[in-house]
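Now, the feature entries from TrEMBL:
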type	residues	note
TRANSMEM	48-69	transmembrane segment
TRANSMEM	75-98	transmembrane segment
DOMAIN	127-278	domain 'Palmitoyltransferase DHHC'
TRANSMEM	172-202	transmembrane segment
TRANSMEM	237-266	transmembrane segment
Amino acid sequence: MRASQMNICGINKNWVLPEAQENNVKKFLPRPLSRVNGWSPPLHSFQAISWITYLTMSIVTFGIFIPFLPYSWKYAANIVMGGVFMFHLIVHLIAITIDPADTNVRLKKDYSEPVPAFDRSKHTHVIQNQYCHLCEVTASKKAKHCSACNKCVSGFDHHCKWLNNCVGRRNYWFFFCSVASAAVGILGVMIILCYICIQYFVNPDELRTDPLYKEITSENTWLLFLSLWPVPVKTPIVLSIAVMALLLAIASFVMLGHLLIFHLYLISKNMSTFDYLMKTRFQKNPHPAEKKELPLQKKGDLPQVCLSLRAMLMEGLRPMCGGKESQLGLA
């Protein structure tokens, strides 16, 4: 009975390798759906960070710091900064909402139906000869199948976690304008904060030109949210808010400025982010190592291969079994 449960390598037929168990589990997992745009689940945590940053900057800029400016500058700052912030909001929402999928995918695809699993035993690549084996359509020349959105994207540039959407031919310029307007807006916030900090040490009376300050006798008291409802606070609170807002603005401007310069470079070279990454990877490894096939074993070598496999399995199982290999039918 025991011999019937063994193969020629002396391994129990009923024992399943972990890799095989994992593959069996994958077969029963539900097939994934394609995502329509940045509002499709699952949402990304970077989206929450971007929205919190936008709201924070809007509140401190229009509610706290612009009212500190001189009377003639206050209205100009509200118009300019308001226009930049509103423009950024519009293009950002458009970049999120647009479906960047390839034309043939949008015409044929039913987003409520799951995407078939890719079988590497039948196809080497997802897209071959401009035909996508997952979307089951003929894609355009520069289309790529995004694994995050699970669909072919026309003129694929990259998958943006901040938008939670792919950036392609249909929404690239909205994405670019979103980055550019965000950088300009953050730069404006930094200029306003620097002016306020300088004036506080040089001539603080220039920051107290609003008529409501006539009723304030203490120079250590400042009014926040003058445009809506004045909130009196002490100087340390105002300075703390200004410092935190300035640090957040600097960090945001560094990231946005780097991203903006990078995409200006790509536009000048007529490249996409995907093209740049592929070019960089090829330059680092121009001759990728090819997979070497194992040499064929002769009949006389087969027992040695089996003994090696058996020894490896016994060595790996010994810590778990406490040295009782015979109980597993491997002795």
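Indices start at 1 and increase along the chain as displayed.
Each residue, glycine too, has its Cβ placed from N, Cα and C.
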*Go through the chain and flag residues at least 6 beyond the ends of the transmembrane segment (48-69) whose CB is under 8 A from any CB in it; none is fine as an answer.*
77-78, 81-82, 85, 88-89, 162, 185-186, 188-189, 192-193, 195-196, 207, 210, 223-228, 238, 241-242, 245, 248-249, 252
*Grab the same-chain neighbours of the transmembrane segment (237-266) for me: Cβ-Cβ under 8 Å, and only residues 6 or more beyond its ends, written as numbers and ranges.*
53, 56-57, 60, 64-65, 176, 179-180, 182-183, 186-187, 189-190, 193-194, 196-197, 200, 222, 224, 272-273, 276
*Averaged pLDDT, computed only over the residues in the domain 'Palmitoyltransferase DHHC' (127-278)*: 93
